[in-house]
Amino acid sequence: MEFSSSRNRQRQTRLAGDRRELYPHSLQFYLEPPTENISLVEFESFAIDRLKLLKVVENLGVSYVRGSESYKTKLESELRKLKFPYKALAEDDYEARRKDHISHFILRLAYCQSEDLRRWFLQQEMDLLRYRFNELTESLRQKFLEHVNLSFEAISEDLKNELSNELHASTPGLTVAKVKEQMFYKVGLVDAVDLFRTRRVFIKDGFAYVPLKEIDAIVLNNYRTKLSKALALTARSLPCVQSDERLQPLLSRLSHSYVGPDYSVQKNTGKVSLEQIDTLSVKSFPLCMRQLHKALRDNHHLRHGGRMQYGLFLKGIGLTLEQALEFWKKEFIRGKVDADKFDKGYAYSIRHNYGKEGKRTDYTPYSCMKIIMSNPPSQGDYHGCPFRHSDPELLKQKLQSYKIPPSGITQILELVKGMHYQLACQKYFELTHDVDDIGFSLNHPNQYFAESQRLLSGGRELKKELSNSGNSQQKSNTQESMNSNSTPTSSNTTADAELEGLEAYFTED
């Protein structure tokens, strides 16, 4: 893939001729990398849009039953909004297919860098392929199978009638009548091992007789194998790509990317008083910030990782520079730091945080992804994400102390076990605010605070009020909430670089 920052891509496409033959189907296994020129702006735009899509796939996969009408409706809405292919027979979706192809390979570069990233990327891409494959008609499924060299032999009607009893007995969910209506494929056991293991197919002479409705398991297994191998190969080739100074910063940020508001400018600046913080920490702080606030009150000190994470969060909820200086000074002098030491060792760093010292950069609060993926806490630290960095038993005890019901704790721990840390935080929000569905994808601690305040001030109805009124609302559309919370800003793309200078001022413990 080549990159150009000035040429007009549409003009290039016309000069290169009609490239529609590159994408004969709306679905593919991404076996061949793109070779056309692409601008760096389009490179980043495609990558961010696909990352948004995969985040929604992850969220819906936990919140809804895969394949349910709600799941399919919300995912199709997101595909439409982000302009990815969603209708197999659309003749004018070349641009969507092109975007789908290129964006997959960009994120493959970004998410091949560690085992955790590869596992996450693989799971979301498989869920996306499953949805899109199951939306195909039977004839299009057959064409796609041939396109990816999975052209299994369909058995004849005579053979199907001969084996009808065996097929009925060995295939769950199919009556004798449905067996006669269903198309069956003769598949080698190597390709059908998952179905064979779960006893969902009839086996004879080394072949599995698979109904069309189950063929997606074979497709997904084949795709998993190919994509896993491709990710491993990409990881080995990554040093060559990272030598390109244009791409290396982009790829490094994508795997930790946050694509919502940066919360650097707050309309409520100065409206939060210092006297409110203790109450707000219980009602409206996410667990990570509630943990930091409690540690600060208990120990009258936070190490530099905690001060950075919590200090920028407080800035984001509306604390002015003067309030921040007063807040930190009052707390620190209650411990082992006297006023003179605070003024010399800590006040400068707080002013730097607010862009009043050094290069005068307006630093932005940490997103969930940055907290989860960078600077893990060590002994004596309280920063980080409790769902990601806490021992499950300690997390359970903390949730119990906050009066989370046992059933809710079980749900949270299951999400943590599945490495869905942001979804665990969403569940914590729902349980502490007594709502059934928060109606948005949680990606930022300051987003948590803003949504909590909006709900508590009457911007969103509580579950109990809904049940009492008898006019229960349908769950909010996840994609609609993403519209208001997913607009990338230029400051997001430079956030990591901006914070490099700040860390030096927080090293004193």
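Each Cβ is built from the backbone N, Cα and C atoms, and glycine gets one as well.
If you look up TrEMBL, you'll see 279-449 marked as domain 'DNA primase large subunit C-terminal'. Annotation comment: TrEMBL describes C288, C368, C385, C425 as [4Fe-4S] cluster binding site. The region 'Disordered' annotation in TrEMBL covers 462-509. The compositional bias 'Polar residues' feature in TrEMBL is assigned to 467-482. Look at TrEMBL and you will find 483-494 tagged as compositional bias 'Low complexity'. TrEMBL lists 497-509 with the feature compositional bias 'Acidic residues'.
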Number of Cβ atoms other than its own within 10 Å, given for C288 ([4Fe-4S] cluster binding site): 28
Site with most surrounding Cβ atoms, counting all protein chains shown within 10 Å, from the binding-site residues C368, C425: C425
Cβ-Cβ distance under 8 Å to C385 ([4Fe-4S] cluster binding site), same chain, at least six residues away: C288, C368, I371, I372, Y421, C425
Additional residues surrounding [4Fe-4S] cluster, by Cβ distance to the C288, C368, C385, C425 centre under 8 Å: P286, L287, I371, I372, P386, F387, R388, Y421, Q422, P445
Mean predicted confidence [pLDDT] for the domain 'DNA primase large subunit C-terminal' (279-449): 92
